[in-house]
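Record features, source Swiss-Prot:
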type	residues	note
SIGNAL	1-18	signal peptide
DOMAIN	19-148	domain 'C-type lysozyme'
DISULFID	C24-C146	disulfide bond
DISULFID	C48-C134	disulfide bond
ACT_SITE	E53	active site
ACT_SITE	D71	active site
DISULFID	C83-C99	disulfide bond
DISULFID	C95-C113	disulfide bond
Amino acid sequence: MKTLLVLALLLLSVSVQAKVYDRCEFARILKKSGMDGYRGVSLANWVCLAKWESNFNTKATNYNPGSQSTDYGIFQINSRYWCNDGKTPKAVNACHISCKVLLDDDLSQDIECAKRVVRDPQGIKAWVAWKAHCQNKDVSQYIRGCKL
């Protein structure tokens, strides 16, 4: 019984660890997922966005006191509009997902939700970090040297 408890605790600790992607590894995943050029957004812009939003950390969260919402995951997807965290007032959940899935190592739902975000009229400008650090900048450095 004690062995099972130790094993369960070990598995739990493994499941809550963050995955921090290397920028080239992240770029390859995005490319395979059809993000390069999606809605006119280059691969380098997506990588720049994730660098400044989460530093490629799948477990990144950021609470926004003004809207009482939280940004989740590698793309910092907001609980007010895009996912359900069960605590954000007047949440829309336009991606129809739990915010928890944005914190795991599987990026498929993060990517699908990011695609949903850029389909809105605001597009990639929905991300404040993209506007501050990537818009109208040479973002080629974010994929330079990556074997894509």
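Even glycines carry a Cβ here, placed using N, Cα and C.
Here the features listed in Swiss-Prot are placed on the structure.
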| residue | record | DSSP (3 states) |
| --- | --- | --- |
| C24 | disulfide bond | helix |
| C48 | disulfide bond | helix |
| E53 | active site | helix |
| D71 | active site | strand |
| C83 | disulfide bond | coil |
| C95 | disulfide bond | coil |
| C113 | disulfide bond | helix |
| C134 | disulfide bond | coil |
| C146 | disulfide bond | coil |
> Do any of C24, C113, C134, C146 (disulfide-bonded residues) have a CA within 10 A of C83 (disulfide bond), and if so which?
Replying inline: C113
>> Between C24 (disulfide bond) and C48 (disulfide bond), how many Å separate their Cα atoms?
In response: 11
> C-alpha of C113 (disulfide bond) to C-alpha of E53 (active site): distance in Å?
Replying inline: 15
>> If you compare CA-to-CA distances from C134 (disulfide bond) to each of the recorded positions E53, D71, C146, which comes out shortest?
In response: E53
>> Would you identify which of the disulfide-bonded residues C24, C48, C113 has the most other C-beta atoms lying within 10 angstroms of its C-beta?
In response: C48
> Fewest other CB within 10 angstroms, which one of the disulfide-bonded residues C83, C99, C134?
Replying inline: C134
> Using C-alpha atoms, which one of the recorded positions C48, D71, C95, C99 comes nearest to C146 (disulfide bond)?
Replying inline: C48
> When a 10 Å sphere is centred on the Cβ of C146 (disulfide bond), how many other Cβ atoms does it contain?
Replying inline: 17
> List, in sequence order, the same-chain residues at least six positions removed whose CB sits under 8 Å from that of E53 (active site)?
Replying inline: A60, D71, I74, F75, Q76, W127, A129, W130
